[in-house]
Every structure is written in C-alpha cells, then in structure tokens.
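Input: a single structure, listed below in structure tokens.
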Amino acid sequence: MDFPTISRSPSGPPAMDLEGPRDILVPSEDLTPDSQWDPMPGGPGSLSRMELDESSLQELVQQFEALPGDLVGPSPGGAPCPLHIATGHGLASQEIADAHGLLSAEAGRDDLLGLLHCEECPPSQTGPEEPLEPAPRLLQPPEDPDEDSDSPEWVEGASAEQEGSRSSSSSPEPWLETVPLVTPEEPPAGAQSPETLASYPAPQEVPGPCDHEDLLDGVIFGARYLGSTQLVSERNPPTSTRMAQAREAMDRVKAPDGETQPMTEVDLFVSTKRIKVLTADSQEAMMDHALHTISYTADIGCVLVLMARRRLARRPAPQDHGRRLYKMLCHVFYAEDAQLIAQAIGQAFAAAYSQFLRESGIDPSQVGVHPSPGACHLHNGDLDHFSNSDNCREVHLEKRRGEGLGVALVESGWGSLLPTAVIANLLHGGPAERSGALSIGDRLTAINGTSLVGLPLAACQAAVRETKSQTSVTLSIVHCPPVTTAIIHRPHAREQLGFCVEDGIICSLLRGGIAERGGIRVGHRIIEINGQSVVATPHARIIELLTEAYGEVHIKTMPAATYRLLTGQEQPVYL
C-alpha cells in the first residue's frame with residue numbers, strides 16, 4: 001500500500017532505534033507543561049517541532065481519513081512516517097498487549113483523529129510503571145428488577161465456572177462491577193482444551209422417562225391447570241420444608257373434596273432450558289420459567305406442584321441480610337401421570353447439568369470424586385439430644401411400697417448410639433406419670449446408680465421390677481422425643497442407602513453406611529419421608545419414595561414397639 005509523502009522540516013522525524021528495548025516509551029524526566037511530545041534537551045527533534053501550519057495539518061488529517069481502517073507497516077528499508085509513529089506501526093514489533101491508549105496499536109482511528117485535532121496536550125507523568133487498575137464497567141440490569149438473575153442451580157459448587165459469571169442472588173446488585181481491561185489468556189483452573197474435550201466419552205443418557213434428544217428440543221405433557229399461589233421462603237430450605245410448602249400450595253388452590261374444581265386444559269413444555277405452560281388449544285404461553293429458576297417439584301398423588309423462585313423487590317434490613325427471602329410462585333396441576341412429569345423435570349435438570357460440565361471444560365467423570373468441605377457434615381437426631389447436657393437429668397420418684405413405677409419399656413434399636421431401654425408408655429396415675437418429669441421416648445440409662453446401658457431388654461425390665469419394694473427410686477434419663485429425625489446425605493439416586501425395609505419397618509442396616517451415620521436404626525418404623533407421611537402407605541410406595549429420594553433425605557422414625565403401643569395394636573405391660 002502506498003502512503004502519501006508528507007513534507008517535513010530539515011530536522012526530520014525523531015531518530016528511533018528500531019532494535020531498542022521493547023518496553024513502553026518512557027517520557028522525559030523533565031516535566032514541562034508545553035507538550036508530552038517534547039524531546040530531551042539537545043535531542044534531534046520531535047513531532048511537536050514539525051513546521052506544519054494549520055492548512056498543512058488539516059491536509060494531513062484529510063489524508064489520514066482517506067486511508068483504510070487497517071494500516072500496514074512500511075517497508076523495512078524506509079523510514080517511518082509520523083502516522084506510523086503515532087499509531088505504533090512504524091516501530092519494531094513490541095509487546096504492548098497490556099498497554100491501552102492512543103499510543104497502542106489497538107487505538108482506533110477516531111482516537112488518533114482526536115489527537116491530531118487537539119491543540120494542547122497535558123504533560124506526561126513520570127514514575128515507575130504500576131499495574132493497571134481495574135476499570136469500571138457498567139452492566140445492563142435485567143429488564144425485570146424483580147426477576148431472579150441467579151446463575152443456574154447446576155452451576156453452584158462446580159469446580160470450574162464460566163469466566164465472568166457471577167451469582168447476584170446472595171447480595172444486592174451493584175450493577176457497576178470492576179473488570180480488568182485485558183482479558184487473561186490463561187484458561188481457568190480445571191478448564192480443558194477442545195482437544196481434551198474431544199477425548200471425553202460421549203455424555204451418558206440421564207436416567208428418566210424421556211429421551212435425551214427429546215429433552216433438548218422439549219417434551220410436552222398434558223395436564224389440567226388448577227391455579228397458582230405465592231409463598232415466601234428462604235433460598236435453600238431443607239427438603240422437608242419444600243414438601244410442606246408444596247402441600248400448603250396444594251391446599252390453597254385445590255378445592256375441597258366434593259366441591260367443583262375450576263381447571264383449564266394445558267400442555268406442560270419441559271426442556272433443558274425452560275418450562276412453559278401452554279394453552280391446549282392455541283399453544284399460547286401462559287407461563288414461562290427458565291429451568292434454573294425452578295426450585296422444587298412435588299407430585300402428591302395426581303397433583304403436581306411446580307415451584308419457581310423470584311426475588312422480592314424490597315431490600316432486606318441489615319440484620320436480615322443473611323436471610324434473604326424469596327417469592328415462591330407455586331403452580332398447581334392435575335395430571336394422571338404427575339409422577340412421570342416430575343421425573344421428566346428432574347431428568348431435564350440432570351441433562352442440563354451434564355451439558356454445562358462439558359461446555360465448561362470439566363471432565364464429567366471427575367465430578368463428585370473430591371467431596372466438598374461440607375459433605376462430611378452429618379446430622380444425627382440422637383446425637384443432638386445426647387450431646388445436650390440439659391437433656392441429661394435425674395428423676396426422683398416417690399411411691400408406695402409394693403407399687404411399680406408404671407412404665408412400659410422397649411428396646412432402643414440395633415445400632416443406636418445409646419443402646420438402652422426406651423420408655424414407650426406411662427401408666428395413667430402411676431408414679432412415673434405423677435412425677436411429671438418423664439415422657440414417652442426418654443432413654444433410661446440407670447436406676448439408683450446402676451447403669452442399664454448395653455443390657456438386653458429383659459435385664460432392664462428385671463432391674464425395674466426390683467424397685468417395687470422401695471419407696472424412693474432415682475432414675476437417670478436422657479430426654480428424647482418419641483420420633484427421631486434421621487438426615488441422610490445421598491449425592492445421587494444411584495448410591496445405596498444401606499438399609500432394608502419390610503412393611504415400613506427397618507429390618508437390616510449396613511454397618512458404617514450413610515443410613516446408620518444419619519441415624520437410621522433397626523427395629524424402627526418409618527413415619528415420614530421428606531415431609532410425606534407413610535403411616536398408612538403401602539410397602540411398594542415406601543420403597544418407591546426411598547429409591548427416588550436423594551440429596552438431603554429426611555426420614556422420621558420411632559421404635560416399632562412404641563408405634564404399636566401408641567396405636568393400640570398391642571397392650572402395654574407396665575412395670
């Protein structure tokens with residue numbers, strides 16, 4: 001490309017060493033207010049000394065405007081012209097990837113035109129080079145300030161995240177964030193190159209009722225829309241609380257039995273991106289939720305409850321900053337295959353998470369190998385009660401000679417942290433009930449200083465009978481409720497729970513498994529699973545609920561003998 005010839009003063013352009021060091025040009029130490037282009041004293045000249053009048057300068061600007069956008073460097077044998085010097089193209093190749101401004105090769109033509117038009121330039125500053133400070137970047141807030149702009153739920157806890165992604169759900173949105181001017185070229189930790197991604201095995205089919213390819217495009221289920229309601233909830237309540245919220249939403253919307261229930265025929269569109277509610281006739285979107293805003297899905301019989309999260313518009317008080325509340329939009333549907341729809345939504349989440357891992361350059365086979373720091377935290381209801389010194393007490397009973405204590409005892413269950421007798425019932429009007437200090441579920445650890453821990457039930461009953469001839473008895477107990485909550489941390493449905501159930505009663509337990517560590521005991525009857533009562537539930541349904549449960553599984557149990565006594569299936573034997 002030919003460049004126009006520009007008349008110069010006899011002094012010529014500034015002499016420059018093309019083989020000099022490749023650092024950014026450092027201005028003179030003599031700070032003068034004339035111009036930042038002034039040379040050192042005695043120098044050969046500079047751009048500011050060029051004898052260009054106003055007409056020549058205007059002609060130079062017009063010539064530069066006529067040039068194409070991409071300036072190529074001059075021939076190696078020729079001297080650089082002022083335009084190349086100003087844009088950096090006339091210099092030897094320099095490593096200026098981290099430099100930004102009018103002297104960098106990345107500067108646009110508009111910046112250079114502004115330089116040529118300006119009459120006075122501020123003096124340059126000298127000093128050691130300092131790293132560039134992050135420049136503020138104004139982000140565009142979402143159209144709906146009430147809409148939750150969280151990152152997808154499957155992103156949380158991943159070992160590598162997309163660059164620049166931030167979760168704005170846990171703090172107020174200061175839309176002004178600071179980012180570095182130069183994007184680092186090094187890939188984030190854990191990210192893999194495209195060649196490495198190509199070596200990964202193809203993603204396995206996520207188990208579920210739908211085909212993986214169909215979920216990518218979207219699957220439609222028929223249902224009847226009953227209505228919607230709103231609840232206020234914390235961000236991540238336990239599963240039992242979610243289930244209770246789903247039941248509350250169903251009770252609000254669903255008409256009582258015997259009354260007419262207004263409903264609308266709709267189609268539920270489920271994909272790995274969104275969940276939509278479409279009218280059955282015109283296929284118009286009644287509701288449209290991004291998949292990552294769906295917090296919980298519950299199938300209660302033939303009723304399906306879909307819960308989507310939206311952040312409240314008001315700002316919480318400073319003292320409530322750690323407890324941000326959210327609007328839960330609860331949509332209630334009636335469908336014969338409600339359970340199938342709930343499983344399809346869960347499959348869509350799993351497929352979207354698998355797709356996110358591959359797009360983020362994370363080897364799916366390595367996910368879950370290294371447990372998170374909080375994964376080792378285990379909850380045990382018995383341990384909570386036993387470790388509380390307020391629950392350990394001594395009870396003094398006064399009675400008549402020859403009178404029994406008036407308690408019925410059962411075993412605590414194999415695998416219990418405190419293997420001893422449990423008070424299953426109290427005789428009305430007996431010494432134990434009269435004291436008012438004993439209740440059903442209390443663990444009996446000692447009688448008159450004699451320990452009962454570890455003894456079989458028959459030995460414990462014999463020790464109680466021996467107190468019949470006494471008028472004063474001292475009992476050592478640990479106060480416990482009759483129903484114990486076991487929380488099992490099950491990462492996925494493929495992991496073994498580690499116990500067997502027969503007619504709702506736990507009959508065997510894997511020693512050291514997640515169930516035993518969570519508080520499951522042999523001989524206990526399951527009362528509730530994730531907030532859903534299973535007292536009158538068939539055995540097959542209990543197995544189904546346990547098989548599908550994963551994550552944080554809440555199971556309430558009580559000794560089977562206590563359950564039979566309380567429900568009148570057996571008559572208690574008072575001691």
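First residue shown is number 1, and so on along the chain.
For all residues, glycine too, the Cβ spot is worked out from N, Cα and C.
What Swiss-Prot annotates here:
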type	residues	note
REGION	1-50	region 'Disordered'
REGION	118-211	region 'Disordered'
COMPBIAS	143-153	compositional bias 'Acidic residues'
COMPBIAS	156-184	compositional bias 'Low complexity'
REGION	215-364	region 'Required for interaction with NECAB3'
DOMAIN	485-560	domain 'PDZ 2'
Counts of helix, strand and coil residues, the domain 'PDZ 2' (485-560), according to DSSP: 16 helix, 33 strand, 27 coil
Within the region 'Required for interaction with NECAB3' (215-364), residues counted as helix, strand or coil by DSSP: 47 helix, 61 strand, 42 coil
Within the predicted model, mean pLDDT of the domain 'PDZ 2' (485-560): 85
